[in-house]
Amino acid sequence: MPDLPVPEPATPAVEVPVRLTSPEDAVPTYALPGDAGADLAIAEDLELAPFQRALVGTGVAVAIPEGYAGFVHPRSGLAHRLGLSLVNAPGTIDAGYRGEIKVNLVNLDPTTPLTLRRGDRVAQLVVQPVVQARFVPVEQLPESARGAGGHGSTGGHGSAQSKGPT
């Protein structure tokens, strides 16, 4: 069988103007070609006690084009290793917002305080096209296979069991 050429990934780019609040702040950057999320770093030092949360600036303001939105996600490695996450994941940045991107950090570790330094990459910004829905009031919704089933109704939990109230 002949070797077939491997196509380059088609990654469309959209230009997003960025304003930094200080020369020490970092422009969002992609770690690897083709990554969906650009890393966001914090613009200040802080310590989070167990279960403490804080609204922390990134020093970055963006002008996301109309027809797009930004979504701020936690970085999976920090969540796994340190218990650092975002309270409102993902956070939504609408196209019209021009203020500094702030992240709602939370230390989910039950015993260990977490020290973060200015420049630590704590979140990722994903820019995506969006459509605006036109919501139409109706008396009855069309039938579907799922119906009103939600919150685990399709299974896939294996042997997972809750130790708390259901």
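Yeah, the Cβs are placed from backbone N, Cα and C, and that goes for glycine too.
According to TrEMBL, the substrate binding site annotation covers R75, S76, G77, N88, T92, I93, D94. Packing around R75 (substrate binding site) is summarised by its Cβ count: 21 other Cβ atoms lie within 10 angstroms of its Cβ, all protein chains included.
Marked as compositional bias 'Gly residues' by TrEMBL: 147-158. Across the range of the compositional bias 'Gly residues' (147-158), the DSSP-based residue counts are 0 helix, 0 strand, 12 coil.
Positions annotated as domain 'dUTPase-like' by TrEMBL: 27-155.
Residues or ranges marked as region 'Disordered' in TrEMBL: 143-166.
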For this session: Across all the protein chains here, work out how many other Cβ atoms are within 10 Å of the Cβ of T92 (substrate binding site).
Result: 11
Exercise. Which state, by DSSP, holds S76 (substrate binding site): helix, strand or coil?
Worked result: helix
